[in-house]
Amino acid sequence: MAAPESLRPRLCRLVRGEQGYGFHLHGEKGRRGQFIRRVEPGSPAEAAALRAGDRLVEVNGVNVEGETHHQVVHRIKAVEGQTQLLVVDKETDEELCRRQLTCTEEMAHRGLPPAHNPWEPKPDWACSGSLGSDTGHKDVNGPPRELRPRLCHLRRGPQGYGFNLHSDKSRPGQYIRSVDPGSPASLSGLRAQDRLIEVNGQNVEGLRHAEVVARIKAQEDEARLLVVDPETDEHFKRLRVVPTEDHVEGPLPSPVTNGTSLAQLNGGSVCSSRSDLPGSEKDNEDGSAWKRDPFQESGLHLSPTAAEAKEKARATRVNKRAPQMDWNRKREIFSNF
């Protein structure tokens, strides 16, 4: 077994030959991600030091750990004649999972960071394994990992923060589309497919794309982003809890049974039905926020008074008007930082 200090990811640059790249990619049951199944002798893949059993982390600088087999193959073929693959062997993968480190291209050049190093990324969902309990992701070689949001501190570099933000028509919210290798975003632990929850301590789940961009740019040289990976996002939505900074290191929420609403423990907030209902109960066009019922947030669901019912009916009629499309929304499909 190799010493931990000698373990590192490998960046393999392949130039396509007459018979292709010369390797076979496949998924493994019970493990997240795509793996190198076979490398042909004398092929470009063998020359690039790709090995059977390697797990694929990035393709051409884009993290693919959460993508399907078809999506990964498409990314490999997207650049004609060549491709760049960031991979980890089994020992390195296990070490990264044990230390809860996010695999980055920077590690291929510098090696794994020592403990408590300032540039060490935050824990991520990269560890492969089978799903564990409601509160964790179980790795085949280790204990369950707690599903927590991640707080990423970014300090702007000469080329910006180094990530791309976009919205998805099929689901609400803002998502990290891609992260530039070696960028401030990459070093902070920000990953592709993360969903953005807070910017500089303020929840942005109900904001439009242009408004979120403005909040990120509000502080000139740094930003603090609270994000969740797809698995953590699904877990918190299942509990109907809004992730906050308290969940990064503090107590995690637990489901409450016997018909009681699912509440966040230890000072957090209950996830409002705003994220679960159609647009009639979202923010009005003039920017006024949907008013939360303090009793409902504490787990109580009271019948509305006659005045409240009348006000709700009036608001419903007003909200039936089709909102005007913000020209910024038309112009700015996604933004680079």
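Numbers here mean position along the shown chain, with the first residue as 1.
Using the three backbone atoms N, Cα and C, a Cβ is placed for every residue, glycine included.
The compositional bias 'Basic and acidic residues' annotation in Swiss-Prot covers 135-146 (among others).
For 255-275, the entry in Swiss-Prot reads compositional bias 'Polar residues'.
Swiss-Prot lists 327-337 (among others) with the feature compositional bias 'Basic and acidic residues'.
Feature annotation from Swiss-Prot assigns domain 'PDZ 1' to 11-91.
DSSP assignment over the domain 'PDZ 2' (151-231) gives 17 helix, 36 strand, 28 coil. Residues or ranges marked as domain 'PDZ 2' by Swiss-Prot on the basis of sequence analysis: 151-231.
For SER130 (among others), the entry in Swiss-Prot reads phosphoserine.
Taken from Swiss-Prot, the feature phosphoserine covers SER183 (among others), and the record attributes it to similarity to another entry.
Around the Cβ of SER186 (phosphoserine), the number of neighbouring Cβ atoms within 10 Å comes to 25. Positions annotated as phosphoserine by Swiss-Prot, on the basis of a large-scale study or a structure entry: SER186 (among others).
If you look up Swiss-Prot, you'll see SER254 (among others) marked as phosphoserine.
The feature phosphoserine is assigned by Swiss-Prot to SER269 (among others), with similarity to another entry given as support.
Positions annotated as phosphoserine by Swiss-Prot, on the basis of a large-scale study or a structure entry: SER280 (among others).
Marked as phosphoserine by Swiss-Prot on the basis of similarity to another entry: SER303 (among others).
According to Swiss-Prot, the region 'Disordered' annotation covers 127-146 (among others).
Annotated region 'Disordered' per Swiss-Prot: 246-337 (among others), in sequence order.
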Give me the count of other Cβ atoms within 10 A of the Cβ belonging to SER254 (phosphoserine).
14
Between SER183 (phosphoserine) and SER254 (phosphoserine), how far is it from one CA atom to the other, in Å?
36
Can you work out the mean pLDDT of the predicted model over the domain 'PDZ 1' (11-91)?
91
